[in-house]
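The domain 'RlmM ferredoxin-like' annotation in TrEMBL covers 1-68. If you look up TrEMBL, you'll see 81-159 marked as domain 'Ribosomal RNA large subunit methyltransferase M THUMP-like'. Per TrEMBL, the feature domain 'Ribosomal RNA methyltransferase FtsJ' maps to 182-275. The S-adenosyl-L-methionine binding site annotation in TrEMBL covers Ser184, Cys217, Pro218, Gly219, Gly220, Asp236, Asp256, Asp273. The active site, proton acceptor annotation in TrEMBL covers Lys302.
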Amino acid sequence: MLLHCRAGFEKECAAEIQERAAEHEVFGYPRLIKNSGFVLFECYQPDDAERLMRELPLRSLIFARAWFVVLADLNEMDPADRVAAVLEHAELLPKAGKLWVESGEGDDYRSLLTFCRKFTVPLRQALRQRGVLTKAEKENMPRIHLFLTDNQNGYLGYSRSDNGSPHFMGIERLKFPAEAPSRSTLKLDEAIRYFLTEEQEAARLQPGMRAVDLGACPGGWTYQLVRRGLFVQAVDNGPMAENLMETGQVTHHMEDGFKYEPQRKNVTWLVCDMIEKPDRVAQLMGSWFARGWCSEAIFNLKLPMKQRYTTVCDCLNQLTEILDGSGVGFELQAKHLYHDREEITVYLRRRG
Ligand SMILES: C[S@@+](CC[C@H](N)C(=O)[O-])C[C@H]1O[C@@H](n2cnc3c(N)ncnc32)[C@H](O)[C@@H]1O
């Protein structure tokens with residue numbers, strides 16, 4: 001399998017897939033290049049990669065943004081006719097609704113990605129003529145992935161539309177809203193789009209609902225809530241953007257987010273982007289739910305320089321213990337989103 005992750009997080013992505021695959025009795029070993037933005041997970045048994053893609057939800061993985069099953073290695077493709085080199089393996093591919101020609105992340109892959117974009121056009125046409133790709137793009141069919149490691153080598157395979165990222169290389173591109181006071185705003189915007197369907201967003205983020213934003217300044221996250229019509233208690237010692245205060249939807253509390261207690265306990269949403277030790281934040285989130293102060297939360301866990309995968313697992317386990325111990329039913333998801341850097345985003349929702 002080939003998994004996409006943020007460049008620099010290959011070790012975490014590799015550790016996670018190896019551990020999670022083993023739970024499904026799929027054994028193998030990861031191969032990775034530092035700062036490449038991808039990991040290859042070599043399964044020992046034939047067909048295990050396909051079984052893993054059927055059984056293990058991509059959404060349950062934190063560090064993998066996208067993935068596909070590799071069906072063929074492409075080695076030393078003839079630069080004069082790369083299309084022919086790919087077509088040699090066409091009979092291995094399922095009938096698909098989409099083609100993605102992709103590569104790694106970061107400076108080393110920038111020019112290769114430009115090539116990928118250009119190469120998509122003739123390859124798509126050839127695959128359509130061969131009957132492997134549908135004439136018009138279809139969302140609910142398998143996708144063909146050609147991942148190039150340079151302009152002559154790569155991996156060919158497919159992903160399932162019911163268990164794969166709907167975005168090219170798992171990247172949700174978002175436009176930065178001019179009125180938002182910080183680029184951090186994109187993190188919460190992506191989180192809402194990733195964790196909630198459009199219907200869930202409409203039902204769970206309704207105008208008039210109350211939210212608390214811990215570590216709110218200058219207000220990028222608050223902006224996303226205000227834009228959706230919510231009333232926000234913004235907690236931070238720093239200053240909030242004037243234009244947000246002028247909406248009349250924001251109350252600024254210059255307080256410590258760890259000590260803040262909402263006056264009225266009718267908060268629907270708790271969001272938190274405080275730069276703090278991740279275990280402290282996880283415990284704080286747990287205590288809000290244990291005390292019944294909110295019913296939904298999106299928060300960041302800032303990652304340390306080392307032992308990042310273990311730290312994430314420990315924090316999520318601590319949070320689970322607090323919630324279980326308080327008899328709170330919950331749904332928990334975590335993801336290293338495209339707009340996250342040295343942090344992951346967690347979604348927590350009260351159940352029942
Ligand atoms: C990454 S910034 C938040 C950016 C914000 N989400 C945005 O979109 O504009 C982190 C903020 O956490 C605040 N912070 C850190 N520790 C805090 C604490 N104990 N209580 C309240 N705020 C805290 C900092 O003052 C800082 O403004």
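Any Cβ shown, glycine's included, is placed from N, Cα and C.
Nearest in space to Lys302 (active site, proton acceptor), taking C-alpha to C-alpha distance over the binding-site residues Ser184, Cys217, Gly220, Asp256, Asp273, is Asp273. Residues within less than 8 Å, Cβ to Cβ, of Gly219 (S-adenosyl-L-methionine binding site) and separated from it by at least 6 positions along the same chain comprise Ala180, Pro181, Ser182, Ala234, Met240, Ala241, Leu244, Val250. With the fewest other Cβ atoms inside 10 Å of its Cβ, the least crowded of the binding-site residues Asp236, Asp256, Asp273 in this structure is Asp256. Counting neighbouring Cβ atoms within 10 Å of each of the binding-site residues (Pro218, Gly220), the lowest count belongs to Pro218. Of all Cβ atoms in the protein chains displayed, 19 besides its own lie within 10 Å of the Cβ of Ser184 (S-adenosyl-L-methionine binding site). Annotation note: Gly220 (S-adenosyl-L-methionine binding site) sits in a helical segment as assigned by DSSP. Of all residue pairs in Ser184, Cys217, Pro218, Gly219, Gly220, Asp236, Asp256, Asp273, the annotated binders of S-adenosyl-L-methionine, the farthest apart have Cα atoms separated by 20 Å. In this structure, the residue listed as 'active site, proton acceptor' is part of a beta strand by DSSP. DSSP labels the residues of the domain 'Ribosomal RNA methyltransferase FtsJ' (182-275) in these numbers: 30 helix, 18 strand, 46 coil. In the shown protein chains, 21 other C-beta atoms lie within 10 A of the C-beta of Cys217 (S-adenosyl-L-methionine binding site). A sphere of 10 angstroms centred on the C-beta of the residue listed as 'active site, proton acceptor' encloses 17 other C-beta atoms.
DSSP places the residues of the domain 'Ribosomal RNA large subunit methyltransferase M THUMP-like' (81-159) in helix, strand and coil in these numbers: 32 helix, 19 strand, 28 coil. Mapped onto DSSP helix, strand and coil, the domain 'RlmM ferredoxin-like' (1-68) counts 25 helix, 17 strand, 26 coil.
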